[in-house]
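A.B. asks: Pasting the feature list from TrEMBL:
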- 8-252: domain 'Carbohydrate kinase FGGY N-terminal' (DOMAIN)
- T16, T17, S18, T267, G310, G411: ATP binding site (BINDING)
- T16, R20, T267, G310, G411, N415: ADP binding site (BINDING)
- T16, R86, E87, Y136, D245: sn-glycerol 3-phosphate binding site (BINDING)
- R86, E87, Y136, D245, Q246: glycerol binding site (BINDING)
- 262-451: domain 'Carbohydrate kinase FGGY C-terminal' (DOMAIN)
Amino acid sequence: MCGSEDGYVLTLDAGTTSVRAIVWDHEGNPRGSGQYGVTQFYPYPGWMEQDPEEIWHLQWRAAEDAISSAGIEKGRLVGIGITNQRETSVLWDARTGRPVYSAIVWQDRRTSSYTDMLKENPGELRERTGLIPDPYFSAPKVRWVLDNVPRARDLALLGDLRFGTIDSWLLWKLTGGRVHCTDHTNASRTMLFNVNRLQWDHDLLEVFGIPGSILPEVRPSSFTYGYTDESVTGVSIPVTGMIGDQQASLFGHTALSPGQVKNTYGTGSFVLVNTGNRPVVSRELVTTVAYSLEDHRAIYALEGSIFVSGAIVEWLIDGLGLFKGVGELVSQAEVVADNGGVYTVPAMAGLGAPYWDPHARGLIIGLTRGTTRAHIARSALESIAYQTEDVLRALSSSIRSRPSELRVDGGASGNDFLMQLQADISSVEVVRPGILETTSRGAAFIAGIAAGIWHLDELPRLYRVERRFQPRMDRSKREDLYRGWKEAVRRSMGWSGYGRP
Ligand SMILES: Nc1ncnc2c1ncn2[C@@H]1O[C@H](COP(=O)(O)OP(=O)(O)O)[C@@H](O)[C@H]1O
Ligand SMILES: O=P(O)(O)OC[C@H](O)CO
């Protein structure tokens, strides 16, 4: 341990479904927390928006709750670490600090026709940004606002428009509109950032018709970005880290060596492998910055982004009303010995890695008169494991080695049934840590390094395993099941538009 044993780090984790805040002590243990749900808006099929002001207000309210439940004075906070749902884009008026449009969420598909055109020549885009043309990333969303919200273009011409992912938006609010920055990990999700040079790509800005003046400055993930405004937060606290949530989770798993892999099971699932200090390019996965520290080169990761995983469970419960809650859904899934030939493909937001089809739509297939709720519950949980397996296969061929261990976190990773299923379907050891808030913990480590609480080298010693799930399904069964999945996926692809006027 270096530095003060008296200091605490506050993390702000602005996720898709909720904003959370946690106070961490110098041992990396949570001491207090707060959490609020974020309102989701679906104005048209395939669109998904949030209110940036709500995100900010609830995020700081969660922080106040975390600080009071930890029973500490704000003055004992030595740093704030921000971690966030990535790609989700906000544009605001620098003079008033008011957004000019809602936050367009990463799952939003409104720009799919536009990104289809980019698919005609994906090679150069991939070389520069590490990304695959898809509405997922920020650039098409920003362009959409510039094209459809007249005030945005006017403000841009006056030099008063600002763009940011949620990290930048929260930093702007925390600092009373004084600091407009992002970090390398968030920048690498915009499709405007050259991941080799670690700088904004002016050619791409031109391609997308986005003025460079609206962009934040890019800094290392672990870095003193500035100080919060006393009038906003009560006392002035340094903001010492910003990192995208999936990269934060990789860091929180202390997956610091090349080849180490994690999967976070939340709204979506995100599998990342550390590839060290070289960006590895893949046709099916995206290249992303994993983290960067001051005075170090950036560390990279290869990522498989799965758009809907835990959210399928939510949809069966809240959307269809088929189960009273997660507990009932899971116990139903356990009642049946197998899926009864039923497969669910949760392509509600299209399919991400490794298929990248924004036109895919969800399906439940294989229904017979003998199908029960239990089969549907089981097929939904199985879909989470199959999607992860899709990515593990793509990842193994890109890094030319099959991972033997998968570190897990996120809301759905607490589900023992699902974790065993994952170990079986992927023939991999699934490793679950004691602290499942791995994303926030990673953000705490990132912020704590800049604040002088921790050294990078000592972090692996703070990682505690709670449980390991060993694979126990035989190979032919695993392959039969997976074959059915691939066929179901094939049938879900290219579906959008059918049956709609
Ligand atoms: N026991 C469980 N089994 C399967 N899915 C679950 C379980 N518990 C929570 N989930 C799913 O996990 C997601 C919430 O995880 P969380 O990590 O909080 O998400 P996010 O960070 O994306 O907001 C929800 O989509 C929920 O349906
Ligand atoms: O909010 P989460 O945890 O589902 O993460 C969302 C991802 O960052 C989207 O890329």
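Placed from the backbone N, Cα and C atoms, the Cβ positions cover glycine too.
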A.B. asks: Near ligand 1, which of the binding-site residues T16, T17, E87, D245, G411, N415 are found, taking a Cβ distance under 6 A to any of its atoms?
C.D. replies: T16, T17, G411, N415
A.B. asks: Among the binding-site residues listed here, T16, S18, Q246, N415, whose Cβ has the fewest other Cβ atoms inside 10 Å?
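C.D. replies: Least crowded of the binding-site residues T16, S18, Q246, N415, by Cβ count within 10 Å, is S18.
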A.B. asks: Using other CB atoms within 10 angstroms as the count, which residue among the binding-site residues R20, R86 scores least?
C.D. replies: R20
A.B. asks: Neighbourhood of the glycerol site (R86, E87, Y136, D245, Q246): other residues with Cβ within 8 Å of the Cβ centroid, in order?
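C.D. replies: Sorted by sequence, the hits are Q85, T88, W106, R189, G244, F270, S305.
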A.B. asks: Within 8 Å of the centroid of the Cβ atoms of T16, R86, E87, Y136, D245, which other residues of that chain place their own Cβ, given that this set defines the recorded sn-glycerol 3-phosphate site?
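C.D. replies: Everything else in range on the chain: N84, Q85, T88, V105, W106, T165, R189, G244, Q246, S305.
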A.B. asks: Determine the Cβ neighbour count for G411 (ATP binding site): the number of other Cβ atoms within 10 Å of its Cβ.
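C.D. replies: Taking every protein chain into account, the count is 19.
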A.B. asks: What kind of secondary structure is R20 (ADP binding site) part of, going by DSSP in three states?
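C.D. replies: Assignment for R20 (ADP binding site) reads strand.
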A.B. asks: Since the record lists E87, D245 as binding-site residues, which of them has the fewest other Cβ atoms within 10 Å of its Cβ?
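C.D. replies: Among the binding-site residues E87, D245, the lowest count of other Cβ atoms within 10 Å belongs to E87.
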A.B. asks: Please go through the binding-site residues R20, R86, E87, Q246 one by one and keep those whose C-beta falls under 6 A from any atom of ligand 2; give the result in sequence order.
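C.D. replies: Passing the 6 Å Cβ check against ligand 2: R86, E87, Q246.
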